[in-house]
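Student: The feature transmembrane segment is assigned by TrEMBL to 17-41, 61-82, 94-114, 120-139, 180-200, 206-225.
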Amino acid sequence: MLIHVGGERTVAIDLRLAAWLALAAGAINAAGFRSLGYFSANMTGNVSTLSDMIALGTWRPALLVAALLAAFILGAFVSTLLIEAGRRRRILGIYAFSILLEALLLLALALLDIALPPQIGRWTMLLGLSLLMGLQNAATTHISDARVRSTHVSGVATDIGIALALLTGRADSAQVRPRLKLHGATLGAFLLGGVAGVWGYERAGALVFVAVALLLLALALPQLGRARAAG
């Protein structure tokens, strides 16, 4: 799932990648919104919010939303630098290492949120979650050649509509149905993750992020072990 690249990737591998990472992203995004009042992965909504704030002259909250956007971009930037460095060195497990890094940083953020005073921990968590969503989205985009986007679903919903339209026409269903299944699984997993994230936050607070970090660790560590064994 995190070590197969290029022609080695199959629809089933992409499906597992999309389902697990969209589940994690949905939980992070929804629990973060429940906790902090902002989405950490929805940059479309954040840019619209930013434009509204600029138009109304509410500059202080506008700076926060701009910082969220910058953090997401920084996460994608760091992820891509890491992946490109790994590719040059032919490190098979570089994508798994990216998800491992996300898991460890998420665990650190959750512990900081618990330890720090609320006003400090709130902004640290919010910016950190946006950075991690950028990091994860860049990693999944690279490994799947942009077939999988795990942290937001606007494009996924569009692709579902396109696939459904193609199925009503004369398109080859053998090519369209796997894509529809992939996008449907991504959307469903993101929704399920969001429900689980809010449910968990209501009962355990920031510990829900610890749970998501453990899920990511459970995904990344076996893949790193396989990469090491292979090479």
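Heads up, the Cβ atoms here are built off N, Cα and C, so glycines get one too.
Values in this document were obtained by computation on a predicted structure and should not be read as measured data.
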Student: Does the transmembrane segment (180-200) make contact with the transmembrane segment (120-139) through 3 or more Cβ pairs under 8 Å, each pair 6 or more apart in sequence?
Tutor: no
Student: For the transmembrane segment (61-82), could you work out the same-chain residues 6 or more beyond its ends whose Cβ comes under 8 Å from its Cβ atoms?
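Tutor: Long-range Cβ neighbours of the transmembrane segment (61-82): 38, 40-41, 43, 46-47, 49-50, 53-54, 94, 97-98, 101, 123, 126-128, 130-139, 142.
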Student: Sequence-remote contacts (6 or more beyond its ends) of the transmembrane segment (206-225), Cβ cut-off under 8 Å?
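Tutor: For the transmembrane segment (206-225), the list is 1-3, 20-21, 23-24, 27-28, 31, 35, 93, 95-97, 99-100, 102-104, 106-107, 109-111, 113-114, 125, 197, 200.
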Student: What residues elsewhere in the chain lie close to the transmembrane segment (120-139), defined as a C-beta under 8 angstroms and at least 6 residues from its ends?
Tutor: 21, 24-25, 28-29, 32, 35-36, 38, 40-41, 64, 67-69, 71-80, 83, 95, 98-99, 101-102, 105-106, 109-110, 112-114, 149-152, 206, 209
